[in-house]
Amino acid sequence: MENILQISHLNKSYNGIPALKNVNLSVRAGEIHGLVGANGSGKTTLMNILFGQPVIHETGGYQGEIAFAGRRIEFKNCSQAISCGIGMVHQEFALIPDLTVAENIKLGREHTLAFTDRLLGRQFSYIDNRHDRASSLQALRKLGIELDPDIKIMDLSINLKQFVEIAREIDRTDLRLLILDEPTAVLSQDNSWMLLEILREMSGRGIGILFISHRLEEIQAVCDRVSVLRDGELVARYEKNHIHINQLARDMIGHSVIKAAAGKRKIEARPLITFRKFSVAMPGEEIKNLDLNVYEGEIIGLTSLPGHGKLALGYGMMGLYPVAGEVWFNNERIVRMDAMDNIVKGIYALPDDRQGLGILADQSLENNIVFTANQAKNMFSRSSLFPFLSMLDHRRTVPHVEKMVQDFDIKCASFKQKVRELSGGNQQKVCIARALTAEPRLLFVAEPTRGVDISAREKILSMLIEINRTRNMTIVFASSELDELQRVCDRIAVMVQGKIFKILSPDSPEVDFALALSGETGMDDDV
Amino acid sequence: MKAKAPLNCYFNHERIVPAVFLVLSFLAWQISGLTGSFVLNQVITRFIRDGLLVLALIIPVVAGMGLNFSITVGAMAIQTSLLLVIAYNIEGVPGILLVMVIGIFLSVLLGYVLGRILNRVKGKEMITTIIIGFFVNSIYQLIFLVGFGTVIPVFNQEIILTRGIGVRNTVDLGMYRNTIDKLWLFSIGEIQIPLFMILIVLLFAGGIYYILHTRFGRQVQAVGSAAETCAVLGIDTDRVRIKVMILSTVLAALGQFIYLQNIGMFDVYTAHLNTGIISCAALLAGGASIKSAKVRQALLGIFLFHTLFIVSPQAGQHLFRNAALGEYFRSFVAYGTIALALIVNVGNENRPIQRK
């Protein structure tokens, strides 16, 4: 069969940091080509290049050659890709919330009244809603669901949105290559298999399919070939019948060098915080009925695929999203999630959205470090009759900030420098320093090393270990970087669909983690 | 949450605001002591005067750009063209057509520039359009205060100040008056119905409705709902927004022309100043918001808002024996409507979206 897509020697870097290194990949017409890789392995970048996302062009384009149906292509925007016959099912859904199901499915390909088409041209011809509704119903039926095409997208649940997203691409008649980014992540088992059936049928019609999934079982079942990406490189490729789940999991993670690492130990203390049927309604990252004990003095890791809830725990404790269920902290029930109350009690949460919620970007380094401690506990104010009116006491803040800057190796021009001007890694260190200044007993951190270079990453990890060991601070460490969690944590909880799926020891084989992350119990056919 | 849902359906701003206006207008009309036919005649006149200006606001709202206060720019475009044509003494129907052609040309140009500007300030369109309106106003005043008679030669001495430079405060449009207003005019009892003009407004209303139901309209809706997602779906957001602004500005220009020729004379330096505020308030009175607007809301809004607008000074005079209070009440109504709409919308925006 001919290659519909041929990628050769593809290189892409963001600000000098390579995201893809010499990738060669081809998709034949009528083939289902699987693509697997851990978070940050470059899958998204590859998709963005193929679909002509503007972000690629804006960050300096790419090197290498991509041929589509024998013609060399270099898309500058998505509409070029779409008009070539490339379709994409986006992981985050490219759906317009205020439009209805039918309007979304037919967007850009609406049936119009032929009469106005001739009279006023394509752009200004009247849309035939009845026709659109009927054909979108047909596309949805192919997926095996009955859905009122007049419901607005924003009123749909997440798995129905996924169906609409897929239906939009199925409905296209000009499709030649379909890219699916984690289409089954939010679907139930049955629905997933139904989708795989449809993909098989589509590939039978000669459509090339690039299928990305974390569910290795599906990859094994449906793909003709599978390629594995790791750290921007293509490390393995298997033909059908040679695809083994454990092998794929091993290839995805690779062999990592152990760097900053905590000594192994067993924590048998009393629970410091207990969650019972705890739910957090954070859109896209919901926690549902989570039960978890966090022991005093431990570092517990939280990991999951995106959207399965690892980030929401800290946000829930800060009261940023509605919560339900019971939380017992230090044998005392927390009734109301209020950030200030919780900080006073000794709970501090560092969010993953560092720019938006972590730092006070236009304030000085000094103010950033002492801000929370001073607001919550009035630790750095001059004594006065009305504490809330008193001025910051620089004789006390300066030595403290000095110590923090030294301890954590924060690189700055002066204490008065605006935090906005610091690098991402240093901003994160400032965040942790601020958390420490408030002297919490329990610290939630989320993705502290995201977008941080390697040396700063190691520094941040060793900071976390150090504050845990020297100050007996309990840490809940949510991250998608499994390798970091294994180095730092005493236990690692793997979350699937907002619940704790399995709690693993950091020494567990990596295959176990890969299986747990994809929600599989680990009993396998090819062992 | 579930129990509340049906209540929200019936008691949202789409229904509450028009209902409040209806009650207020009725009460004010009772107090004012004006006859029903007088009020109705006035409302019909204002429906024609203001119709297109209000309709010009719909598409920008749907495109997520909020209330386009810069329809004053379109108004100034047509006034410029009007003054130019009067300055060269072109009368009658050819004059009207020429005014239209120049006005549309100018407003397409200005609409394009506005679109480009608004693409740079996404999310802050409303405040930008207000300020641009003020800014263009000062350029406009400069041109007609200083430019006419110096840089621009004038062949019609009637519109020039006695010193020979600058346009008079008020220019008579006698040469265009009653050319289209009185077409197909008939009366039912005391009520006069200029059918032709009403049909013109309804035609444009139909046109807006039509545009919103075309492929282009769908794109406008998509851009208004989720601009970032549109790029992924192959829609050029910036181009759509520019087209929207051009459409809106042209409509505003035509609307202002109907407005001026209906009044029969115009205040060169002030006629356009309140178009933005009044039109926006009328649209909102019909139940539209800065996030969603429909043609029927515009039509309903014009009726409700102007009814209150007409009867409130009289009502003020009867209640407080003071006409100035009624005048005050007019601006209270206009600005109050807009302020309320802004607060309601911002409040809705901040509410977490959890509708499962």
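Cβ atoms are placed via backbone N, Cα and C, with glycine included.
Nobody curates TrEMBL annotations by hand; they come from automatic prediction.
For reference, TrEMBL has these:
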- B:16-40: transmembrane segment (TRANSMEM)
- B:52-76: transmembrane segment (TRANSMEM)
- B:96-115: transmembrane segment (TRANSMEM)
- B:127-152: transmembrane segment (TRANSMEM)
- B:191-212: transmembrane segment (TRANSMEM)
- B:244-262: transmembrane segment (TRANSMEM)
- B:268-286: transmembrane segment (TRANSMEM)
- B:298-316: transmembrane segment (TRANSMEM)
- B:328-347: transmembrane segment (TRANSMEM)
Next item on the list: Using a Cβ-Cβ cut-off of under 8 Å, list the residues of the same chain that are 6+ residues beyond the ends of the transmembrane segment (B:52-76) and lie near it.
Entry: 107, 110-111, 114, 118, 125-126, 129-130, 132-133, 136-137, 140, 201, 204-205, 208, 211-212, 217, 220-221, 223-225, 227, 240-241, 244-245, 247-256, 258-259, 271-273, 275-280, 282-284, 288-295, 298, 301-302, 338
Check: So which of B:96-115, B:268-286, B:298-316 has the most C-beta pairs under 8 Å when paired with the transmembrane segment (B:127-152)?
Finding: B:268-286
Checklist line | CB contact flag for the transmembrane segment (B:328-347) and the transmembrane segment (B:268-286), at least three pairs under 8 A | finding: yes
Next item on the list: Count, for each of B:191-212, B:244-262, B:268-286, B:298-316, the Cβ pairs lying under 8 Å from the transmembrane segment (B:16-40), and report the range with the highest count.
Entry: B:298-316
